[in-house]
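> The following block contains the structure, expressed as structure tokens.
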Amino acid sequence: MFDFSIVTQWVHSLLTSFMPEELAVLIECIVIGVCIMLAYAVIAIIMIFMERKVCAAFQCRLGPMRVGPQGTIQVFADVFKMLIKEIITIRHADKFLYNLAPYIVILASIMAFSCLPINKGMEVLDFNVGIFFLLAASSIGVVGILLAGWSSNNKYSLIGAMRSGAQMISYELSVGLSILTIVILTDTMQLSEIVERQADGWFLFKGHIPALIAFIIYLIAGNAEVNRGPFDLPEAESELTAGYHTEYSGMHFGLFYVAEFVNLFIIAAVATTIFLGGWMPLHIPGLDGFNAIMDYIPGFIWFFGKSFFVVWLLMWIKWTFPRLRIDQILTLEWKYLVPIGLCNLLLMVIIVVFKLHF
């Protein structure tokens, strides 16, 4: 498996050979920031196109086909259309909070996106408390959503924001419990270290029953946390028009839209990192030839392949199941997922203490 840190160390030594180290670090930070923004934009474009095609497939349609080959340039046309739209601020809105809210949501999404270990040595933010930072960064987005609903001075926006806040805060608990189950198994909160521990097998397969239960809980709770169907009640069109971003137009609406899709990718990428081995290839015990071939595939291809498979799975769920009511959503969380998650966590503790894991 290629270690990308060799490249970063070579670039750092090259820059420090003809400039002060402080200036070299500053240039590296700028380059990394630009790369993160470009990767964020590319992921958003792919996710939007994938959503439209997957939706069309489940509805027996073709989806975007007009602009570009097989509709591949349709997303760029939509972005251009959104860029030239006027940004309208409604009367009696709290203009400062109204304009600030989309940037808080997108900032939280970018911070969480920066934590993803795409390849060995290719982590931007790799702390020894990476899981803690990831959960903290992703939870900031609910502040922007609540501000968007409150500052819009619109009852539909406010109801959508309150629904979203209640839903996100509730399901954050189940997400944390499912991740904590694997943290107990690995005895580390560093994302890259969790991936390294899966070199001899993904936790979904070698973590016993608690890992499988935690994976299922994580998919359900993660889907609800990013307000995806069937948990998309905060923006239920039949009740609340567009929910908390009803009064937003132009690129302000575009920021909410992009953040929603990238947050879906982040949920899938974290599932890949924690349960599906991250950048680790698929190894089958006893098949050394097959395993050797799998090792030739670059780690980032494994990471993105697994992540987009989980994304497709979540999109499948969205376009298959009907929307739940708010009482059903909260009942599912507090009466079922949380108790099951706590019992599952206790079961994992017993397995680790008595060394019953593989």
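Indices start at 1 and increase along the chain as displayed.
Cβ coordinates are placed from backbone N, Cα and C, and glycine is handled just like the others.
OK, Swiss-Prot features for this one:
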- 30-50: transmembrane segment (TRANSMEM)
- 96-116: transmembrane segment (TRANSMEM)
- 129-149: transmembrane segment (TRANSMEM)
- 165-185: transmembrane segment (TRANSMEM)
- 201-221: transmembrane segment (TRANSMEM)
- 264-284: transmembrane segment (TRANSMEM)
- 297-317: transmembrane segment (TRANSMEM)
- 336-356: transmembrane segment (TRANSMEM)
> Should the transmembrane segment (201-221) and the transmembrane segment (96-116) be scored as in contact, given a threshold of at least 3 Cβ pairs under 8 Å and pairs 6 or more apart?
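Judged by the Cβ rule, the two regions do not touch, with the required three close pairs absent.
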> Taking 3+ C-beta pairs under 8 angstroms (sequence gap of 6 or more) as contact, is the transmembrane segment (165-185) in contact with the transmembrane segment (30-50)?
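They are not in contact.
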> State the residues, same chain only, that lie 6 or more residues beyond the ends of the transmembrane segment (129-149) and have a CB under 8 A from a CB inside it; answer 'none' if no residue qualifies.
97-98, 100-105, 107-109, 111-112, 115, 157-162, 164-165, 168-169, 172, 175-176, 179, 183, 189-192, 194, 225, 234, 244-245, 248, 256, 259, 263, 266, 270
> Could you pull out which residues elsewhere in the chain have a CB under 8 Å from any CB of the transmembrane segment (264-284), counting only those six or more residues past its ends?
1, 43, 47, 109, 112-113, 116-120, 134, 138, 179, 182, 191, 194-195, 198-204, 207, 211, 214-215, 218-219, 222-223, 225-226, 228, 290-291, 294-295, 297, 299-300, 302-303, 306-308, 310-311, 314
